[in-house]
Amino acid sequence: SRCTHLENRDFVTGTQGTTRVTLVLELGGCVTITAEGKPSVDVWLDAIYQESPAKTREYCLHAKLSETKVAARCPTMGPAALAEERQIGTVCKRDQSDRGWGNHCGLFGKGSIVACVKAACEAKKKATGYVYDANKIVYTVKVEPHTGDYVAANETHKGRKTATFTVSSEKTILTLGEYGDVSLLCRVASGVDLAQTIILELDKTAEHLPTAWQVHRDWFNDLALPWKHEGNPHWNNAERLVEFGAPHAVKMDVYNLGDQTGVLLKALAGVPVAHIEGNKYHLKSGHVTCEVGLEKLKMKGLTYTMCDKSKFAWKRTPTDSGHDTVVMEVTFSGSKPCRIPVRAVAHGSPDVNVAMLITPNPTIENDGGGFIEMQLPPGDNIIYVGELSHQWFQTGSSIGRVFQKTRKGIERLTVIGEHAWDFGSAGGFFSSIGKAVHTVLGGAFNSIFGGVGFLPKLLMGVALAWLGLNTRNPTMSISFLLTGGLVLAMTLGVGA
């Protein structure tokens, strides 16, 4: 699965009868949804971008100077003048120079002098700013079912589907082939202040250098370089890259300050680099909150017969995935398709299956299958696939796992924020409370009661509530009632 190869992975486990779960997706992360009677699905936010954003300013990094002209007057002869002073795109400077008999003036003193030069910009020496439009930013969400096929990190799963969202998008339904349909309704949020963000892009001149950065609007507007808007042939403040020398009689030198690319690159050190792909300008941060509908998902292979236990061989022995799960792959030499008999037992309890399958109903197909992912309780375990067996020690502790999943649940609820609550009606408010409880405590509840059936959990919740009602000690009564209520809510709830 896609999530197996990513470091930032989260699990959302639906309760009995779950038809809808709420996910928080961020760039670089991946969420695996598991629900009883449904195929497991990986969902992740693949990209945030805008196609062809609007240009704001262009800055010139290296001036191109031409057609230098100088005019001078003797003392008392009035100001020197050039027609170029009134032309757009020309940089001029007025000054006074020493005049006398040695340079063709009858009087000694200060005479007027003016120099002008035509200023343009060298080719491939521009820095252009682009602005995002929140209404045009596209959020790409990808969905992939767990099919039992091993897919390398650099390969694409054949069952992978893509949905795109903007601020005005409606619900999207994706068809996952034999696994049914999944619906997505996503609320989008960028991780940056778009009104104050500019993408600064340089003309490409060297392959080893980055070409775009994500900068603040005020910093961009304060750059001390010549600038213009798109379509304007003339540069504003072109004098910023031109220097005039000291006047000498009828002469004034004009100097080009040279290429400013190095100065700009030094100023951009440490600034987030922007990614540009064709005409797509990508954002580096952001998230989407998605309501995922699971009601039309269906399990594949339920009608298959069980595989012959004696005809399995390890292709990849059980390995730690890095996500508190175990992954493995087997080959099968018997008749296909069929269902893989897989289970795990803890040390000292040979009759209790402790494996929580992330790959539900693993199968061998005519053209693939055999990849299995499962979660095991901490401690010594034995994994069985048919007649194959493998000793496995799962690191960690049950208490630590509960706290970790609770922390992730709180983080999810915090990111969802105000969208998690519905104050429009009493029913909506109480439904929001239920969803919040599932979001925060769902992972921890599944860690504790993952191997317990629906009916035992229901009876346990009823028993705790009954004890609370019949206990005379107020503190114990409230404790039993709260615990029983939580167990019943997590067992009977349909939201997560």
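Placed from the backbone N, Cα and C atoms, the Cβ positions cover glycine too.
Annotated in Swiss-Prot:
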- 1-447: topological domain 'Extracellular' (TOPO_DOM)
- Cys3-Cys30: disulfide bond (DISULFID)
- Cys60-Cys121: disulfide bond (DISULFID)
- Cys60-Cys116: disulfide bond (DISULFID)
- Cys74-Cys105: disulfide bond (DISULFID)
- Cys92-Cys121: disulfide bond (DISULFID)
- Cys92-Cys116: disulfide bond (DISULFID)
- 98-111: region 'Fusion peptide' (REGION)
- Asn154: N-linked glycosylation site (CARBOHYD)
- Cys186-Cys290: disulfide bond (DISULFID)
- Cys307-Cys338: disulfide bond (DISULFID)
- 448-468: transmembrane segment (TRANSMEM)
- 469-479: topological domain 'Cytoplasmic' (TOPO_DOM)
- 480-496: transmembrane segment (TRANSMEM)
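Feature annotations (Swiss-Prot) mapped to structure.
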| residue | record | DSSP (3 states) |
| --- | --- | --- |
| Cys3 | disulfide bond | helix |
| Cys60 | disulfide bond | strand |
| Cys74 | disulfide bond | coil |
| Cys92 | disulfide bond | strand |
| Cys116 | disulfide bond | strand |
| Cys121 | disulfide bond | strand |
| Asn154 | N-linked glycosylation site | coil |
| Cys186 | disulfide bond | strand |
| Cys290 | disulfide bond | strand |
| Cys338 | disulfide bond | strand |
TODO: Given the disulfide-bonded residues Cys74, Cys105, Cys121, Cys338, state which is nearest to Cys30 (disulfide bond) when distance is taken between Cα atoms.
DONE: Cys338
- [ ] Look up Cys30 (disulfide bond) in the DSSP assignment and reduce it to helix, strand or coil.
- [x] strand
- [ ] Quick one: among the disulfide-bonded residues Cys74, Cys92, Cys121, Cys307, Cys338, which has the most Cβ atoms sitting within 10 Å of its own Cβ?
- [x] Cys307
Task: Shortest C-alpha distance to Cys307 (disulfide bond) - which of the disulfide-bonded residues Cys60, Cys74, Cys105 - done: Cys60
Task: Mean of the pLDDT scores, which run from 0 to 100, over the topological domain 'Extracellular' (1-447) - done: 83
Open item on the list: If you compare CA-to-CA distances from Cys92 (disulfide bond) to each of the disulfide-bonded residues Cys121, Cys290, Cys338, which comes out shortest?
Closed with: Cys121
Task: Intrachain residues whose Cβ lies under 8 Å of the topological domain 'Cytoplasmic' (469-479), provided they are six or more past its termini - done: none
Open item on the list: For Cys105, Cys116, Cys290, listed as disulfide-bonded residues, tell me which one has the smallest number of other Cβ atoms within 10 Å.
Closed with: Cys105
- [ ] Compare the Cα of Cys3 (disulfide bond) against each of the disulfide-bonded residues Cys116, Cys121, Cys290 and report the nearest.
- [x] Cys290
- [ ] Measuring CA to CA, name the entry from the recorded positions Cys74, Cys105, Cys116, Asn154, Cys338 that ends up nearest Cys290 (disulfide bond).
- [x] Asn154
